[in-house]
Amino acid sequence: MSLAHDARVAVRPAAMAQRPARAWPEVNNPAAWIVVVLLLIMPLIASGFFLIEIFATTLILGIMALSLMFLAGYGGMVSLMQLTIAGFSAYMVAVFGISGNANISLGWPWWLAVPMALALATAFGTLGGALAVRTEGIYTIMITLAIGAAFYYFTNQNWAIFNGHTGINNVATPHFWGVNWRADIPFYYVVLAVAALCYFAVEYLSRAPFGLALQGVRDNPRRMAALGFNVNAHRIAAYAFASFVAALAGVLQVWNYRQISPGSVSVGACIDVLIIAVVGGITRPIGPFIGALIFVLLRTFALDFLVRLGLDGNRFRLLIGLGFLAIVFWSSDGVIGLWQRWRQSQRPRNDRQGGGRGHG
Amino acid sequence: MSRFVERHPAWALIAIIAIAIVLWLIFAVWPPGLEEAIGRKRVFLNALFNGITLGGLYFLVASGFTLIFGLMRNVNLAHGSLYLFGGYVGYAISTSTGSWILSFIVAFIMTALVGVLLQVIVFRRMEGQDLRQTMVTIGLSIVFADLMLWACGGDFYQIQTPGWLIGPVDLPLITAVKSSGEPVYLRYPLVRLVIFAASAVIGVAMWLALNRTRVGMIIRAGVDDRDILAATGVRIQLVFVAVFAFGAGLAGIAGVVGGTFQSLSPGEDIRFLLASLVVVIVGGMGSIPGAALGALIIGLAEQLGSVYIPTYAIVVTFLIMVLVLAIRPQGLLARR
């Protein structure tokens, strides 16, 4: 009756079990190569606005959601505090680095501030994870949500470190080798590189002994414990890794917006990350990025789109919520699941479109 | 109780001493040295009473949440939305009819209806899939929040307190002694006391209904093992709908209460959802006495914290949760 049971039901079609023998499935997939080339030459195609506001933002949100996907998909632990970890790391970059609030920021150079932020955020996330693994299933959701909310209210109230509800502005971005790394094109490549790194790290880890053990823990913790695996240690290690990924996203986020405030770590934003991961699909690492792209496109263009249809443009969240509901109702592994089911229904018989109620 | 004393004599002693200290703080006239150290007694008593009454409000929200969870294993993350919905309904009724009592009744019925719809349309279709139900409730809470923002706007609403409840009353608690030797009594808003009494009555009634009636027995049996209960011929779906409606209705009542002594605005739904989450985590999921204890602890921690350590009030609440998780992960009064 626990989440482990649920997650197994949801994740079954992901073919994790069949895959370990085959390494790096992307290599043989032409679509993957097209996406890679497109992403690499994106600065030639897209203008500054699209490059940063759409694609870089998508990748950053995708990395955050990726950390959730890693925990939820492979570990069976739905953590709503991934954004909080990212936000913590963003705050730490602002606090240790250089920013407009000279009385708070310590003014360290970025190559000191960033590792410090990553280390602290990872420690923070691991501690939170150590708390969360004491409970199971839906309790994990509630506890991580409570941690996220506590952090949000704390940043709102604390002026000594987090500068209250105004947050920290004008955070300095790295500038070295004669390149301003926050200029549109270099920044896009930095984000892309980090996203690719995280993506392949998750992909690799899912096939490494640790990842396989983690999936075993997800499917049947008691059996894994009987086999001599330390169940909680695996879960906490998964939290540590996911926290590091989320912390990387946080660093990129604070460089992207050059400021950080409690609004960016609000409860709604925490839930957005869950929405992104679920809409994209939590069975494989590409899902969160697809979800993030949909989310960012909706967020950016829903207003114009709704107004053009003659509706109230402010109903963007309604659209997101309804879309999320529809996905959760009809597909337990998000857009990827829909796509796969469509492909499967295409292959044997062309008349059976749309799939059935599926496995969820 | 006596078994607890036998098993943990040291803890029992500490608890008795703590209770004695609190009682002394409440009833005694504070010596000047103490007033210098931690401030006026009036401030302390006010914070204490605010904490207890806030605990009453939290109990109303959290008891419905915990009841629904206990029976259906359904974490209803749209519970905060039901709270806010009840509050808005109550506001609409009390402004249009001017009747405060009527607003409670209508809010209860309306939110209970929403609860019935949720259970029948949504949750029955995905029974036993905790995670998916939770996700659906997250989606629903987003949709509800936006619909309510659409309908009611982003303004603050406050429900008018009825005339016969306005104003403070003197409580027989001495806050200070004037230089003339005349005692000064604590004055406290009547409406908060009435609401607290009402929530205590609801809590006791719920406890009695659960432990002394046939329906309560069915519900308790369902909490323990709903499959066997269904196998004995109880129409379990009907019980589910009734419990969901009642839990949702409680959230609606709590919305009117919250709208009376605080205010209603977008964002309150999440605040109360989180409050009830923390309350049931501390008290133990699915336990009504646990919800009462948790609500009291969290309410007191919030109010006393905001008076004595204003910057870190929220952290105190959080630390309590962490402490409970570290010592008793299942919650203070949970059986399992």
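Here the Cβ of each residue, glycine as well, is placed from N, Cα and C on the backbone.
Under the heading transmembrane segment, TrEMBL lists A:31-52 (among others).
Residues annotated as transmembrane segment in TrEMBL: A:58-76 (among others).
Sequence annotations record features per position, and here TrEMBL assigns transmembrane segment to A:83-104 (among others).
The transmembrane segment annotation in TrEMBL covers A:110-131 (among others).
Using a Cβ-Cβ cut-off under 8 Å and counting only residues 6 or more beyond its ends in the same chain, the transmembrane segment (A:138-155) has close neighbours at 3, 77-81, 83-84, 87-88, 91, 128, 131-132, 162, 164-165, 167, 261-262, 265-267, 270. Summarising the annotation, TrEMBL assigns transmembrane segment to A:138-155 (among others).
Here TrEMBL flags A:187-205 (among others) as transmembrane segment.
Feature annotation from TrEMBL assigns transmembrane segment to A:236-257 (among others).
What TrEMBL lists as transmembrane segment is A:263-282 (among others).
The transmembrane segment annotation in TrEMBL covers A:289-307 (among others). With a cut-off of 8 Å between Cβ atoms, the residues of this chain six or more beyond the transmembrane segment (A:289-307) that come close are 53-54, 57-59, 61-62, 65-66, 195, 199, 272, 275-281, 313-316, 319-320, 323, 334-336.
Annotated transmembrane segment per TrEMBL: A:319-339 (among others), in sequence order.
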### Message
Out of A:31-52, A:110-131, A:187-205, A:263-282, what stretch is closest in contact terms to the transmembrane segment (A:58-76), meaning most Cβ pairs under 8 angstroms?
### Response
A:263-282
### Task
Might you confirm whether the transmembrane segment (A:236-257) is in contact with the transmembrane segment (A:110-131), defined here as three or more C-beta pairs under 8 A between residues 6 or more apart in sequence?
yes
## Note on the structure
Counting only residues at least 6 beyond its ends, the same-chain positions whose CB falls under 8 A of a CB in the transmembrane segment (A:31-52) are 184-185, 187-189, 192, 256
### Task
State the non-local partners of the transmembrane segment (A:236-257) in its own chain: residues 6+ outside its ends, Cβ under 8 Å from one of its Cβ atoms.
52, 56-57, 60-61, 63-64, 66-68, 70-71, 74-75, 77, 79, 82-83, 85-91, 93-94, 114, 117-118, 121-122, 124-126, 128-130, 132-133, 171, 173-174, 181-182, 187, 190-191, 194, 198, 201-202, 205, 210, 214, 264
